[in-house]
Every structure is written in structure tokens, then in C-alpha cells.
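S.K.: Quick one: the structure is below, questions incoming.
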Amino acid sequence: MQRFIKWLAVITSLDLLIVLLGGALVTKTGSGQGCGKSWPLCNGEFVPSNLSMETIIELSHRLTSGSAGILVTLLCILSWKYYKHVRETKTLAILSFVFLVAQALMGAAAVVWGQMPAVLAIHFGISLISFASVILLTCLIFEIDQKFDARSLIMDKKMKFHIYGVTIYSYIVVYTGALVRHERASLACPDFPLCSKNRPMPTQLHEWVQMGHRVAAMLIFAWILYAMILAIRHYKQQPVVYWGWIISFILVTLQAVVGVLVVFTNASLAMALLHSLFISCLFAVLCYLVMLGTRSKVNAKEAASTSKQTK
């Protein structure tokens, strides 16, 4: 059964990643109304008779979301049953399921009633939490923490501050990026790093949205760089923290490069999807570091208790 659960965890993680990228594809191609205002049917039909490209994209996104719902539910039930001895399993299972249902309902509401861009931008963030929760469940199932000896990990307050702070802030950056997509502001500023050669500062809403995201992205790049330097200096003996921050910096660098290329490639579809891919992976890595941070407190208490008993 454990072999089956491992395969299920991998497939579920990939399916949720496809859901995330599919949502970005729907937004990028303007396919949100590809099935009209009907849900769960498509243009009032179980199998649509007229298959435009927008309809195919929207219908494919709905199908992958539906399959993800089934897979996540099954994974939550099995992990709850067979891995309940792991402290985080129940919490992650609940988060995976609840946020997947929330994003599905929000997606359906957007189709039927429509939503403002500021509300639609939350949709991607909700999906991201479900994805990260499933990734963490997968790590627990594959016992990644044991392989890196994470159960004995103890971090200082400074490192935990950076882990929690960067993760929370990254969610804000994700929201600003999703808002750029939903406000159709990807090309509002044709130059980089300033808005344009003639107008370095933004003058209207779409430009403010775009520049706000750029500033937020620059700050998270600098923050992760600083945290990585701390990890390299002080956590070489803790490979999970050491490599966690190095991988985070690689991902945020790729994210930044692709973000610039989005501007200079006229917001090409490939760059837009890569932009969503890298931030999804980055958020998952940061969430894993958060899980390690919560364990660190427990590990420190256990170490202190053991030390007292020894004395």
C-alpha cells in the first residue's frame, strides 16, 4: 500500500501543478468564458458541440481540476490512515483538501457571476496553498526529512524569522503577480527596470500595478539572497536548510529572469507559464522550510529536556 501511496502522491502533485499552470493559461489566453457562464456544464452541454480553442483550454482546465479533486481526496484519506504518526500529516491533509475545494468554488463563481480582477487574483494564491500542502505531504510520505536528518534540526530565532517572513511576503508577491495578469497589465510598462524611457514613473492604474509587482519582486530577491548568505555561513552542517535556501535563490533568480523576459518577449505564452511554474516551486520550497521551522521549536524543547535529564 505504501508503494501505491507514493505513486499517488507524485501523480497528485503533478496534477495540481498542471492545474496551476492551466489556470495561468486560461487567464493568459482569455479563455475564462470558453464554456460560457455555465458550470459544471460547458455552454450548457456535457460535451460541447462547438470546440473553439478557448473552449478546449477552459474545458481541459476544468477536467484537470476535477481529477485533482479526486486524487487529493484519495491522498488525504490514505495519508491520514497510514501516516497519522507523522505530526504534520493531518494538518497538511486538511489544508490540501480545503483549499482545493475553495479554489474550485471560486473558479465556478468567477465563471457564473464574474469577479473583479482584485478578487480573481486570490484564486491563484488559494490553488498555490493546496499545491504546496500536497508537495509537503509527498515529502513526508517519501521521508525526505529523515534522509536529511531534519528531525534533529534546531534553528535560531533569526533564521526562523527569515523563513516565516519570506514565506508570508512571497504570498503577497504572488498576489501582486496574479493581479498583473488579471488586470491585463503585463505590458503596461514596456521597459525595465523603469516603466518606460519617456515616463520612468507610472501615471495610470495598470502601470502602478506592474511597477508595484516589480518592486515587490526585487525586495523578495534581495531578502532570499540575504537569507541564503546566512544559511551558507551558519548552516553548512544542516544540509536541509543550507540547500533549501540555495534552491530558493536559484528559483527566485529564474523567476526574476523570466519576469524580465515576459516584458521583452511581448508577454509570450511560454514565459508567462514559466513565470507561474517557478513561483509555484519556490513557494513549495519555502513552505517546506516553514515546516522545518515549526519542528525546530519542538526539537529544541526535546533537546533541553534530554539535557536536564542527563544532568
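Cβ coordinates come from backbone N, Cα and C, glycine included.
Residues or ranges marked as active site in Swiss-Prot (evidence: sequence analysis): Glu58. Residues or ranges marked as heme o binding site by Swiss-Prot on the basis of sequence analysis: His61, His123. Residues annotated as heme b binding site in Swiss-Prot, with sequence analysis given as evidence: His213, His275. Annotated disulfide bond per Swiss-Prot: Cys35-Cys42, Cys189-Cys195, in sequence order. Among the features that Swiss-Prot reports, topological domain 'Cytoplasmic' is placed at 1-6, 84-91, 143-159, 233-243, 293-311, with the record citing sequence analysis. The topological domain 'Extracellular' annotation in Swiss-Prot covers 28-62, 113-121, 181-211, 265-271 and rests on sequence analysis.
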S.K.: Taking only the Cα atoms, work out how far Cys189 (disulfide bond) lies from His213 (heme b binding site), in Å, as a whole number.
M.R.: 11
S.K.: Would you mind listing, in sequence order, the residues at least six apart from Cys195 (disulfide bond) in the same chain with a Cβ closer than 8 Å to its Cβ?
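M.R.: Set apart from Cys195 (disulfide bond) by at least 6 residues yet with Cβ under 8 Å, we have Ala188, Cys189, Met201, Pro202, Glu207, Gln210, Met211.
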S.K.: Go through the recorded positions Glu58, His61, His123, His213, His275 and tell me which ones have a CA within 10 A of the CA of Cys35 (disulfide bond).
M.R.: Glu58
S.K.: Would you list, in sequence order, the recorded positions among Glu58, His61, His213, His275 whose CA lies within 10 Å of the CA of Cys42 (disulfide bond)?
M.R.: Glu58
S.K.: When you measure from the Cβ of His275 (heme b binding site), which residues in the chain that are at least 6 apart have a Cβ under 8 Å away?
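M.R.: Result: Ala24, Gly177, Gln255, Val258, Gly259, Val262.
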S.K.: With Cβ-Cβ distances below 8 Å as the criterion, list the same-chain residues six or more beyond the ends of the topological domain 'Cytoplasmic' (1-6) that contact it, or say none.
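M.R.: Those are 75, 78-79, 82-83, 141-142, in sequence order.
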S.K.: With a Cβ cut-off under 8 Å, give me the same-chain residues at least six positions beyond the ends of the topological domain 'Cytoplasmic' (84-91) that come close to it.
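M.R.: For the topological domain 'Cytoplasmic' (84-91), the list is 136-137, 140, 291, 294-295, 298.
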S.K.: Sequence-remote contacts (6 or more beyond its ends) of the topological domain 'Extracellular' (28-62), Cβ cut-off under 8 Å?
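M.R.: Same-chain residues near the topological domain 'Extracellular' (28-62) but 6 or more away: 19, 22, 108, 110-112, 181, 267, 269, 272-273.
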S.K.: Just how many other Cβ atoms lie inside 10 Å of the Cβ on Cys189 (disulfide bond)?
M.R.: 23
S.K.: For His213 (heme b binding site) and His123 (heme o binding site), determine the Cα separation and express it in whole Å.
M.R.: 17
